[in-house]
Amino acid sequence: MEQQLNLGHLLTAARLLDIGALDISSLDLGALTSTSSSPGSSSPAMFDLSNESELRSLFCGKLKVDKKQSSCASNASTSSQPYCSSPPARKSSKHSRTAHNELEKTRRANLRGCLETLKMLVPCVSDATRNTTLALLTRARDHIIELQDSNAAQMKKLNDLRDEQDELVAELAQLQADEEVAQATSQACQTLSQSRPESRASSFTSTSSRDSPCYLEYSPSSKPMDSHKPTIIDLYAEGLIPRGPITFPRPLVYPHNVFDLMNLPPTPFDVSQFLPINLQV
């Protein structure tokens, strides 16, 4: 009886696998068990409905295995992470590794081309042993820093030149305005001088007389008639000033010392020798 029950379980499970697309809840397990019994058996059914839970567990396990295999087959074409023991999964993993290798080759080729371009842009060094990727990137970084500093210095110089240009433009505008004012003033002066030349000449004479010294001379036309008339006296003719230098009588022999001067004989003092030559009394 137990062997017949096990055989009935196997047959029922095979039928359930054939109709796996159906839902378990919609299955009539009683009908399946009744149809699974052979016509020559002594009992009408091989097992009763108490084995329904066991059949449900077997069928759910089979469905889980089928879903797992289908998910592995679908994901193997997009990524190489999941691994399935079925042959389609292994084939998809090989394709994914090949695609990954091709992508890696392309990436390395692009990186090599970028390094060659960078080597042409960055100034080279004399030491050939330092031409590594790290050394190239270091030199490129230093070169970029130098370019940034140079650009900052050039921008500062440009700003200074712009400020100086603005100052020069403002100074030029001020000079032009001053020149216009000077021209307008000169034109106004010329207009006034043409309208009143006599007044300008008199004002110029008064101004020049104030600025420069003036020597007054006797002029009968410029003096009133009742003023005292000055007289011109010739000092030389009148004998008030001698025509030659005043000299005193000197001794014939110069003394050598004070004692010789004291021992000189007395001479008569003549006052007329000290008077002017042309003195008239």
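Cβ coordinates come from backbone N, Cα and C, glycine included.
Worth saying up front: this structure is predicted, and the values here are computed from it rather than measured.
As annotated in Swiss-Prot, coiled coil covers the listed stretch 144-185 rather than the other ranges in 102-143, 144-185.
For the region 'Helix-loop-helix motif' (109-147), the model's average pLDDT works out to 84.
For the region 'Basic motif' (95-108), DSSP puts the residue distribution at 14 helix, 0 strand, 0 coil.
For the region 'Helix-loop-helix motif' (109-147), the DSSP-based tally of helix, strand and coil residues reads 31 helix, 0 strand, 8 coil.
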